[in-house]
Amino acid sequence: MAWRFKASKYKNAAPIVPKAEACVREICVGSYQTYGNNIAASAAFMAFNWEHTGSSVAVLPLDDCGRKSKTMPLLHGHTDTVTDLKFSPFHDGLLATASQDCLVKIWHIPEKGLEQSLSDPEAVFSHKQRRVETVGFHPTADGLMYSTAAGCVALFDLSTQKEIFSNNEHPEVIQSASWREDGSVLATSCKDKCVRIFDPRATTGSPIQMTAESHQSIKDSRVVWLGNQTRILTTGFDAARLRQVIIRDIRNFGIPEKTLELDCSTGVLMPLFDADTNMLFLAGKGDTTINYLEVTDKDPYFIEGLRHTGEQTKGACLVPKRALKVMEAEVNRVLQLTSNMVIPIMYQVPRKTYRDFHADLYPETMGYKTELVAGEWLNGSNQAVPKMSLDPAKREHGDEPIIPRLGPKPFSSTSGDVSFDKVFAVPLAPGSHENISSVGQDNSSGGGLEIIPTEGGPKPDLIVNIEIKARAPPPAAATGNGVQVSLTTSERRKSSADDDESSDKIFEQNSESSGNSTEGEERVDGNLQRATSTRSSIAERRRLYESRSKSQVDEKAQSPVPLRREHSKVEPLKVNSLQPLQGNNAIDPKRISVPEGKLMEEHRRGNGSASALGLKKSATEATFTKRTSTVFGKVSKFRHLKGTPGHKSTHIENLRNLSRQIPGECNGFHANQERVAVPLSGPGGKIAIFELSRPGRLMDGVIPSLVNGSNIMDFQWDPFDAQRLAVACDDGIVKLWHIDAGGLSEPTNTPAGELTAHLDKIYFIRFHPLAADVLLTASYDMTIKLWDLVTLSEKCSLSGHTDQIFDFAWSPCGRLGATVCKDGKIRVYNPRKSETPIREGNGPVGSRGARITWALDGQYIVCTGFDKVSERQISVYNAQKLAAPLNTASLDVSPSILIPFYDEDSSTLFVTGKGDSTIYCYEITDEEPYICPLSHHRCTSLHQGLSFLTKNHCDVASVEFSKAYRLTNTTIEPLSFTVPRIKSELFQDDLFPPTRITWSATLSAEDWFASNDKAAPKISLKPEGMETLSSIQQGPVAAKKSEHQFGGQKSDYEINKQQEIQKSVSARMEFTTKLEQDDMEGVDENEWQE
């Protein structure tokens, strides 16, 4: 029994979570109902689903970090959600993706990663109108891929692009599959609650060799083979929906060897197993914890390790062992995919020192080279993949960073076959620095390339692009016949240094920054220094970009870092020449996004420093006057808006009997500047009216209300008459109530007027934003009618809807209207000219409900709704092109409909739902990404409704740009949205442009129906006697512009005079290149090499 007390080497492996700066941030990941892990990793790249639909895939270098742009290059290859994705174990740039569109696609990732979006895969395989659930590669045979769709298991030979095996004997959907390490058999878990052992090479009988009952729930289950053992591990749910982990031995397959019950959470457990260390990681979808267990071959079978608790998990995967930091005792690394980040969690075994390689922690692991191909394996050949050591001393290049080989692999014209390596031009696996000069020497055609197909086999139709460089490579980087050799990092830097001195090159791109940097983004050799002037703070640069109010075009997601050789012979960009650019308008070259190709092209033309300086100018000033977009993301004046509830003395308290039966199309709460309307529970359709001028605690007893006599469907205040309330009932009648100046003193059931609008229930009602006495009604009969309230007569009727109408919104000009319908369509109407829609497009696919509003002077339409997995989302459309949204932002999974409130002066969108406690704030822009998150406001309690007032009731002296009233279960409280400003005593005219008058009618109903349109007048919100901010800043800003204008034209005399002054000042200053640490005693070079 001594083994029970034997301490494991990995027992104390601790999860180490890096800081946010070392994670991939600001990505967009949705919630996907798939059987995949949503993320995969090779030793060079990581890939994960992108956006709420998941039809695109993002691919990044494995060690990448930092903020990511929503315009970054992606794989756009599928028309529906990507269900699974895997990298080849032998080619780090070979990715397979499976999708709900019934297709499996093979992608080649360039060795530098995606520099532009890809939409053309290397190969496509179809599953014949069946949704593909899982995909993966064989562990020992190169070019052999498997995929599952419904109950079908299929194998594909990638070199011939043919399906070589297919079996449909599974009665239900296959939820998971896993190969044994030797590649002999496959284990599958199925929706019929069974687990099976599957041998595709079985010559007699069925390929299904064994079957056993597994988890007794049809919910998602997973299976993983425990290395090369005879045991498999499955995760799933029992009949009581408790999460389970089961170990089975195929020698006694019907009886579980160990069953571990965990908890009753609903998250699907994703098992991640490392066969070298027997470490098992259980990451549940939607969980915030990742469990670490060590699997043993004897009782207790599971030894629990340290548990990681952090962000909510959307997906997870293990990084291949050869990409680990073995000199830091990293035994495993889990990539955790969250809704907006990829977090690399490093599991480190504590040791006293990390100077030496700890061989006891790293047994030999699976290598990356195999001689076995798909055809040989299918014919019965078994061949193990040679093992490799992780000891840096046993690697060819020691502990140098592992990077993929540069360039595609050239073909041989003398060999009689075409191997899989030659068909797909993918980088070699990390850990190998093969010299391809031997391949080039076999090429007798002197650099010519030719593909010779295998005997009797079809000719591969995959195209491999070989880039022929016009410039001859340096002697150290080329063989006799001109074939480029893979160079190490130091050799490439040495070569580029020689190029610098010969061609006066100033800038260079550090091509290894994303692949080999393990300690941050700014790791540079000692002989390189950044060519920046005095580094200004981030706050100063942010103020600079805000003051410029121009859009900077980012042509690439990652900007190269300008570098300058310390001992370069030619230094056109000196600090002296950059001094005139300092100040408020100084531009840090490090922060400017300049495309690498464009930069190098300018230098090849020999433009010198002038071209480089001009390129910076074009990169920052090239543009149009739109909303500010910078390297910091969206810089909005309302970025740090603040929501502040009113003082308790302004609240209306002791509310009771609030109605919970209001339809989803009704906002459930409406306020104007004088009073609020709140529906009450009980029969009769009661609506309580509360005067805002009389806050405080309500008296106990009967609340004075409007008794409508029928169930309330919707209600709305007249925007031009604070005393008129329109109420729509389920009997198709709209009742018009007139509230006296003092408010209600007792219940009343006598309306001022009634309008029999429809014969069926009414969905909602809407007043016209500009014309008085114009009311719109939408009914269950799927028609929309417009009424003149002066004559109580119908003027227009709109048709074209095929299902329930969720919402209608008037355009700011009052001419057009937009609807969103349960049939998944958005329609735009011109009611006075046509009763059918003039434009139509695709809206939210969810059928729970939706809302719609206009933005940016009617040029864009914002729609809130649900996707097909019930996740709430906000979509922005071009009002002229409704075919597809410009961008969609996903929020969370919640049953409440997001109700939008749009402030046109600040272009701020407020969205919230009934029962939420958070008011989400976004800025709608007319450039990508079109919807930018601002600071969200989190309330202390749940609210049942929110209603905003018109702009003229904002306290602009307190920088209040929006004001609302919030309804909770027991109170009505005011809510103020302000922008923090230092000089709040001034009128912030940059925040308060002239606003449209929406609180008084612009034209009458008669004029509007006669098409006598008139634009709403605008007024300034500036109080009398208050100075504007621009008038105070105008003098200093003008002086600064004349002094520090970037790229301004100056005469030769001024330039020469300025240079003379700089030289005279520099001559008097003490100049030394000696550093304090130069006098310190260091270590010898041989000690570092040891």
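Think of each number as a place in line: the chain as shown, counted from 1.
Backbone N, Cα and C define each Cβ position, glycine as well.
Whatever TrEMBL says is automated annotation, not expert-curated.
Feature annotation from TrEMBL assigns compositional bias 'Polar residues' to 434-444.
The compositional bias 'Basic and acidic residues' annotation in TrEMBL covers 490-507 (among others).
Per TrEMBL, the feature compositional bias 'Basic and acidic residues' maps to 538-568 (among others).
Residues or ranges marked as domain 'DUF1899' in TrEMBL: 4-66 (among others).
With DSSP states grouped into helix (H, G, I), strand (E, B) and coil, the domain 'DUF1899' (631-696) comes out at 3 helix, 24 strand, 39 coil. According to TrEMBL, the feature domain 'DUF1899' maps to 631-696 (among others).
For 433-458 (among others), the entry in TrEMBL reads region 'Disordered'.
The region 'Disordered' annotation in TrEMBL covers 473-568 (among others).
Here TrEMBL flags 75-117 (among others) as repeat 'WD'.
Annotation source TrEMBL lists repeat 'WD' at 167-199 (among others). Model confidence over the repeat 'WD' (167-199) stands at 91, taken as the mean pLDDT rounded to a whole number.
Residues 663, 665-666, 713-716, 718-720, 726, 728-736, 795-799, 801-810, 812-814, 817, 819, 829, 831, 998, 1001-1009, 1014, 1016 of the same chain lie 6 or more positions beyond the ends of the repeat 'WD' (755-789) yet place their CB under 8 Å from a CB of it. Per TrEMBL, repeat 'WD' is recorded for 755-789 (among others).
As annotated by TrEMBL, repeat 'WD' applies to 798-839 (among others). Within its own chain, the repeat 'WD' (798-839) is flanked in space by residues 665, 763-764, 766, 768-771, 776, 778, 780, 782-786, 845, 847, 849-854, 857-858, 861, 863, 865, 877, 879-880, 882, 904, 996, 1002, 1008-1009, 1011, 1013, 1015, which lie at least six positions past its ends and keep a Cβ under 8 Å from the stretch.
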Summary of DSSP states over the repeat 'WD' (75-117), given as helix, strand and coil counts: 0 helix, 20 strand, 23 coil
Helix, strand and coil residues within the domain 'DUF1899' (4-66) as assigned by DSSP: 5 helix, 23 strand, 35 coil
